[in-house]
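> The transmembrane segment annotation in TrEMBL covers A:20-37, A:57-75, A:87-104, A:110-128, A:149-170, A:176-195, A:230-248, A:268-289, A:301-328, A:362-381, A:388-406.
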Amino acid sequence: MLKRQLASWLLIRNGEERVVLYLSLLYLALGAGMAVGRSSSDALLFKRLGVEFLPQMFFLTSFLLVGFSAVYAEFSDRLHPSRMFKYIVALTGIFLVVVWGAMQNGGSKIAFAAYFLGYGVVSEILLVHSNLYASGFLDLSQSKRISPLINAASRLGGVVGGVTLGLLSSRFPTEYMALVWALTLVEAFFLIAAYHRGEQRIRAKTKPLKKHGRPLVHIREGLEFARRSSLLQIAGLGLFVMIVLISMQDYLVSTILTRHFQNERDLAAFFGWFSAFTNFAVLLLQILTTNRLLRRFGLKLVSLIFPWSTAASFALLGLSASFLPAVIGRFNYTGMMPAFRNPSANLFYSALPGYMQGRARALSIGLILPLGLAVSGLLLMWVPKESVGESLAVFGLLLSFVYIYLKIVKNRIYAASLACLIQQQVYTGIGEELEEIGRLDERVVGELKQLLQQTEDGDNYVAYAEILLHGAPQDAGKILLETLPGKSAQVQDRLLPRIAELAPPGWQDYMRCCLDSVDTHLRATALTELAKRGDVDALRAIHGWLVHTNPRIRAVAAQACFAAQDPVLHEVAERTLRTMLSAEKPGAIIAALSVMPGLKLFSLDDAVRALLQHPDAGVRAAAIAATGAIGAVGERLILLARALRDEDVVVQRAAEKNAVTLMPITESEYAAALDTYFSFFHMQSLLTNYLAQSELAQRKTILLAIAHRHLQRAWDKKSVALHALSLAQQASARQADEAGFLRLVLNEEVLRHIDIALDILALLDEAQMARAISAALASRDRRLRAQALESLRHIENKALVEWLLPLIEAAQDGARWEHTVPDMPRDMNEMIAWCKRQGGQWLRQCAALMEEETSRATPV
Amino acid sequence: MQPLFDRILLLKRVPFFALLRTDQLRHIVPMLEPAGWASGERVFEKGDPSDRMYILLSGRVGIVLHDDPESTEYVAQLGHGDCFGEMGLLDDLPRSATVHVLETVEALSLSRVRLHGMLQAYPELGIGMLAALSGRLREANDARIKSRHLADNPK
């Protein structure tokens, strides 16, 4: 019970306990070591060598980082992260023991510098690698919950390390702290070895080592990618500015603190206790604040906390370069940075394609970080000693504003990159691109003609023809007339009306040839096109066709009559169609109905209405396709709804296809229809789709209102679905089964409400992103879904997003759900009644069937 | 509970149909035809024409790949909720196995014509079918690896 409550409080879900415990213990050990290492190396350098050498140390660190990160990058791709981790930890431990020996009995000044530089390099490599290692265990949504938790364990380690240093520094020489750090690394080594012990047997072969230049290749590839990725450009620039800022602050703060404390032991003890305090404060922040802020507001807000705290701390130092502002400044880069900046920076990498994430990290650690340190070192060496005070702080404050600006720009680009990344992974459609073709030049037209002649594939032919028709309409008719004969009847049929529109020389002869085709569709199309233009041969042929034994030919002849400008022919055609509509054979009826859309034969409306109830599904499907002009909007929508509910899917599809002709016209008609058919999902999607495509002024308002309503209903259904679980426990066996079934249907309907809301978002201004989110949510890929959730936070329409996010998190991720409804059912009877009242069409039907069952089961 | 709901839940558990919503499954339920065999009978034999697939409601069947229909070397035994006979509906080839009834069986069957119609109506069904077939392929691969391992290491 306690374990479950603790897990729930810490946002740990089922199955995550073991990995969270392992990573927490590992980070605890590493955190303790780093706290000891940082505080002791700082104290030793500042007092034994002098704080004025700090800029030189930055400069040297930059070169060492280039070298060590090159080695790191070389091996990080070849070795499993756990193995790499063990090597890093073991080598650092050996280095510390050697350096401790060199620092003994006063030691050489080089040893203190080496200890400081060693910390600078190891801390960066451990930070990068531990994050890479942990990210292998977690996806984006897990990262957002769990990474603050394991970082908090590292903070707790920092507390332990700080207290240890505070206590030991008064009893032992400060250089002994290198051994304490080494001990924590031994612990980390055994933890990693123990956790991965079982995996040794199935370990894959290591990749062969390439001869040379591999790390440089990574950095070069990272740079090349940065040229194309605006996110990486802005992130790189932001990182550079941040390093300069932090180095400046470190130098300024360290100078003030070194002046304040008289001896090395006092300084080391202060750093130790300060480290413990900082880590404890950050621990509370990470557990209670960071992950909740990330979940509530996303990266957008959290990534701005550190830039603002940096600006504030520089402002304080600018007012007074004294002890207290220095302490606050040190808290900024030792506390605020790991609490807020590092977790959010790691999440930003997820917006890069997987194959580039490693390269981007290599670019950061191998180029930007050293460059930043080198520039900072040079800059600070150039600053006169007497200016290391308020004036440096003011410069830092100004640079902080640049950093904030870069972060804001990065946030904007991040959202777009994430949507782009999802689109690369799931197909979301590319839309109509023909409009972008523009006018084609002669050479391209010639090439297209050649392609049209050569291709044997009908679809390819039509695709080339479409390009030609858009890009060179003046040449298209002639080229099509030359290349089309000999292609399949279906392809010719599709392009015949386009040729007739363009009317190139000889088109009528070609059409007359088509009248002799064995393919009825092609003959009909040719006849219609010729009759439209009053072709004498065609009109003569019509009379024979109107009495043809094939109903399809009779029907197309009737259609062609309406294309001709002759009232007598119109009358004959109408008679023919009426006779066909009352035929016994479905084939004749379907043939007549298939030519009726667009003819607007109001006199045949009653006949068509009657056919909507015909026992043959093919007739019903053809009838719904012919109902475009029947009656008022209300009646048309009733007919559409009925057809969409038809038991035969052929009729449903025909209704869907024909929906455009049955849609409302005015805003009030749309609003009324959306209200009337609120619980009919299929109708809702059609209505919202066509409303969005319309030119109606109030369409956005109506769509947003209906999206809200859907999401509210989804919230209610989600609550009732969860409640069904507890009702099932109290009910009889039959009712428990029913509760389970209703829960299943309720959850399906929640997803359908979400889909409609996302569709509406896509139909409004957020088309690309909403479609990407929708596709990612529908995928079964956890990482994609997590990225979709993150993208959703960046959608402009906050009002909808606030409703959508918790729903999707609960539906996809099993997050906690606390919403309730005022009329929450108290037993199964009330549950059934609730579903009948609030459910979609199918849920209502289920509830009604269950009610019937209950009344049958209850003895009178 | 209503038999309709029971059938829908049964279909929901069959990998073939798992991706469909309950309101889509209700249209499929009426297309299923009841079938039954007594213990010792054969549902079909290897080489028979494939015209329908089956979903087991109760009882147990054993699958034999051997050419001799009398053979009882079962490569798999199926029970409640399992389906069989779907391969032939897709590749149009004769049955690749003989199915023996081990315990009296009640089943639902779906004909090829109806399945093809359903595939057009509910494309999600195709993904479910691929998932189910891939599961079968995995099982077959595992069985092959195991038998090869046994042959190489008879002790």
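Numbering starts at 1 and runs along the chain as displayed.
Using the three backbone atoms N, Cα and C, a Cβ is placed for every residue, glycine included.
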> Report, as numbers and ranges, every residue of the chain located at least six residues beyond the transmembrane segment (A:268-289) whose Cβ falls under 8 Å of a Cβ in that stretch; write 'none' if there are none.
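Residues packing against the transmembrane segment (A:268-289) from afar: 10, 31, 35-36, 38-40, 42-44, 148-149, 151-152, 155-170, 174, 177, 257, 261, 327, 330-331, 334-336, 338-340, 343.
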> Sort out for me which stretch, of A:20-37, A:87-104, A:362-381, A:388-406, has the most Cβ pairs below 8 angstroms to the transmembrane segment (A:301-328).
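The stretch with the most contacts is A:388-406.
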> With an 8 Å cut-off on Cβ pairs and a sequence gap of 6 or more, do the transmembrane segment (A:87-104) and the transmembrane segment (A:176-195) reach 3 or more such pairs?
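Contact criterion met.
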> Tell me, please, if the transmembrane segment (A:20-37) and the transmembrane segment (A:149-170) are in contact, taking contact as 3+ Cβ pairs under 8 Å between residues separated by 6 or more positions?
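Since 3 or more Cβ pairs under 8 Å link them, the transmembrane segment (A:20-37) and the transmembrane segment (A:149-170) do come into contact.
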> Tell me if the transmembrane segment (A:388-406) touches the transmembrane segment (A:230-248). I count contact as 3 or more CB pairs below 8 A, with pairs 6 or more residues apart.
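They are in contact.
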> Report the listed stretch (A:57-75, A:176-195, A:388-406) having the maximum count of Cβ pairs within less than 8 Å of the transmembrane segment (A:149-170).
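Result: A:176-195.
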> For the transmembrane segment (A:57-75) and the transmembrane segment (A:388-406), does the number of C-beta pairs under 8 Å, pairs 6 or more apart in sequence, reach 3 or more?
no
